[in-house]
Amino acid sequence: MEEMASRMISGDPELGEPFQENGLRPKYLKEFVGQKPLKANLTVFLHAAKQRAEAIDHILLHGPPGLGKTTMAQIIAWEMGVGLRSTSGPVIDKAGDLAALLTNLNPGDVLFVDEIHRLSPAVEEILYPAMEDFQLDLMIGEGPSARSVKIDLPRFTLVGATTRAGMLTSPLRDRFGILARMQFYEPDELQQIVTRSASIMGIDISADGAFEIARRSRGTPRIANRLLRRVRDFAQVAGPGYIDKDLADRALLALEVDRNGLDNMDHRLLKALLDKFAGGPVGLDTLAAAIGEERSTIEDVIEPYLILQGMLDRTPRGRKATHASYTAMGRTAPRPVQQGTLL
């Protein structure tokens, strides 16, 4: 879907965006904005591991895309003063690929595996003893001459990241000593992130301009930084050269991001739900066909934020509009029909 690829408020990274993000990532936990419960716990775990001169336990970071899982993995390595090796689940095709990564780690190093839920079963089998016993069990040769070889590994920390924790197998999930869910950010936290990013990028921005971008960023720092870069373009070419609330509002409306943080895809879904199905309930497949999108696109991309904002209900009979749905679309919600009594 071409529209999906260019969606301004998707939490997934765009082509080349990770390189732009690198300069904006904080290095230390104290610089990381938001995720206060996770930061508090990690501070304890990191200090305890350093006091014992041990590698910190394996960590699973899970949550929607764009919330800072990769950044957190880098911070963990930086705080521990160790090296970081990064890869992703789909890249590790064979057990040998994983073995090569593990045998090249130094004591205490962090191995970061993004999209860890996409590891193949064969690779997972190799990972189990590596995580638990810090050993590799490899088969050398084939047929009758094949033999098992155990290779000792340095104590390392595996940091896995996933947007779908439910797709992890139980044996893999159970081997993580620290499970951490990353939550969506509050607008004031995103305002701090936008202000910090603007300072690094040399952008002149007012407090209300930063908040205007923050409150439309769907609780996601990656989206906030992306919108900041695009609003900067409007300020540079069609504005006064700095970002205030008025310019941010005009630029974001031009980018089809409304004052609720909804874009064209969100509007299409809500419009179909209200106009074609009278607010629902309607089955997911029927709704997907009505807006020309795949079922998975609605479930994974469009729905989560609408549900978070109370603009969509999942019911046993299908998707249903809420009072907030009508308000967001500038409609008046119908009054609930009251059933009469028999008496």
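Backbone N, Cα and C atoms are what each Cβ position is placed from, and that goes for glycine too.
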Of Arg175, Arg230, Arg232, the one that Swiss-Prot places in the same ATP site as Leu24, Arg25, Gly66, Lys69, Thr70, Thr71, Glu132, Asp133, Phe134, Tyr185, Arg222 is Arg175
Treating G and I as helix alongside H, and B as strand alongside E, what does DSSP give for the region 'Head domain (RuvB-H)' (259-343) in helix, strand and coil? 40 helix, 9 strand, 36 coil
Report the member of Phe134, Tyr185 (the binding-site residues) whose C-beta atom has the most other C-beta atoms within 10 angstroms. Tyr185
With Arg319 (DNA binding site) as the reference Cα, tell me which of the binding-site residues Leu24, Gly66, Thr70, Phe134 is the closest one. Gly66
Could you state the whole-number distance in Å separating the C-alpha atoms of Phe134 (ATP binding site) and Arg314 (DNA binding site)? 44
Which one is it, among the binding-site residues Gly66, Glu132, Tyr185, that lies nearest to Arg295 (DNA binding site) by Cα separation? Gly66
Residues sitting within 8 A of the centre of the Arg295, Arg314, Arg319 CB atoms (DNA site), not counting those, run Gly283, Leu284, Leu287, Ile298, Glu299, Glu303, Gly318
